[in-house]
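Novice: Annotations per TrEMBL:
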DOMAIN    B:6-120  domain 'Tetrahydrofolate dehydrogenase/cyclohydrolase catalytic'
DOMAIN    B:139-278  domain 'Tetrahydrofolate dehydrogenase/cyclohydrolase NAD(P)-binding'
BINDING   B:164, B:165, B:166  NADP(+) binding site
């Protein structure tokens, strides 16, 4: 078996084309969805990531702004900035790029974003709504993974191993998979005999940041493999999965780069569109 | 092997004695923790449950009130009542007994309770805080289960099957177990071959409401069995587990009644004590 590629770039491209059409319809009604990203300091990788979100929003017809604050900005000034964006009716989605400098409490900042503009879906109120089944912004990487998995057939009844228990990826994707009627085992660093257990699973989602963690010999024949790993080795972006050996066993597999990554930004745009619709009483 | 009994009544009694000591200390500082329960209508089981919470609170020295509203009360009146309790400094914990009559939105009511008085831990903000690892009120049944499991040794590295994916029991207990470094598989009605899979698990927690679902032959030798089932058969309260056959295989097992049930009310008291402490800037 050679796995079919879950090509995140292509799937994201098609998905964004759909978003662009919806943006156009909103603009015809006088509504231009806006995504505003706040960044503190001058970390190169963060800056480039922020700019790519910005460009992606503009490419589908949204308006987009970047607010760039000095690395030594006071927490109160950042909170004031967020408060201003919360109250600005032309802003639909607010992202604050993390990590933040030491003098600023990330928790306080993420809680300061109005839940109805929190397109990252990190506000406790939004996470709570996710778990109670209410309308909310679903965190972008888990949402993007679910969108990729739509291309592999129904999840109902499948046994899924999620490796990594972060509240950004592992836990919410486990929740979404459970809602889709899959049976999820949430694995992590303390799981006994983890690698040998993977053989029993129809789907393996790895979100650890440990290059080479999962290889073909660990997988069930025909497994679906989603690689959320995101490490830099020899100046190259690599995932958790040994792609070549896994590809020979899996039925579907995501590459790194070009798998989950493009889907994450796409879901930021998706959530910003939702924010604009909800703000205007549409849907 | 004959399992050791996880006697919820005894464990709850000892736990409440500890709470009573802490209540006494607070009273010496002029603080009397108060639990106020709101009940709508005259359902016999609900009334008796509310009274038992009330009595349990008073037995450990807390003050406690019941607000009893007519079955046909308007939603706005219930919301006004909650608003009044939110603003009443003598009230630390607010419980609204569910289910509520048809004219009232349960979601709206549970969201109306101030998060810092939501001792059930059902408010989306509190659930969100649970998942982001912040200080919060943990839902009472999951918290009670974790307390019972403290009597069975460390959970780290154990494989746990949780049967039932409700957001009141299954999902939050899966989260708490994951935090305790167990590896959790969340099973439900769509899980393939569920019963046969149980043999692989060190701990089985069943929260379905299906009498006889789990029997001894499904269990791994020495498994720990927690029965959250709560069904009435022939006017008797029964769990999901066939106690006699399971007891012969398990290392620890909870009875029904007298297992998880007493722990749930105990954790309501625990959370009310925390609410009183936090409100007064203690801890």
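Cβ atoms are placed via backbone N, Cα and C, with glycine included.
Small disclaimer: the values here were computed from a predicted structure and weren't measured.
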Novice: How does the domain 'Tetrahydrofolate dehydrogenase/cyclohydrolase catalytic' (B:6-120) divide up by DSSP, counting helix, then strand, then coil residues?
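Specialist: Grouping H, G, I as helix and E, B as strand yields 59 helix, 18 strand, 38 coil.
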Novice: Identify, in sequence order, the binding-site residues in B:164, B:165, B:166 that approach chain A with a C-beta to C-beta distance under 8 Å; the answer is 'none' if none do.
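Specialist: Correct list, in sequence order: B:165.
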Novice: Cβ within 8 Å of the NADP(+) site centroid (B:164, B:165, B:166 excluded): which residues?
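Specialist: So the extra residues in range turn out to be B:162, B:163, B:167, B:168, B:169, B:170, B:171, B:186, B:188, B:207, B:208.
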Novice: Which residues does residue B:166 (NADP(+) binding site) neighbour through Cβ under 8 Å, counting only same-chain ones at least six apart?
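Specialist: B:207 - these are the non-local Cβ neighbours of residue B:166 (NADP(+) binding site), listed in sequence order.
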Novice: Would you list the DSSP helix, strand and coil counts for the residues of the domain 'Tetrahydrofolate dehydrogenase/cyclohydrolase NAD(P)-binding' (B:139-278)?
Specialist: 57 helix, 28 strand, 55 coil
Novice: Near residue B:164 (NADP(+) binding site), which residues of its chain come within a Cβ-Cβ distance under 8 Å, counting only those 6 or more away in sequence?
Specialist: B:170, B:187, B:188, B:206, B:207, B:208, B:228
Novice: Can you give me the average pLDDT across the domain 'Tetrahydrofolate dehydrogenase/cyclohydrolase NAD(P)-binding' (B:139-278), rounded to a whole number?
Specialist: 97
Novice: So if I measure Cβ to Cβ from residue B:165 (NADP(+) binding site) and keep only same-chain residues at least 6 apart in sequence, which ones fall under 8 Å?
Specialist: B:171, B:186, B:187, B:188
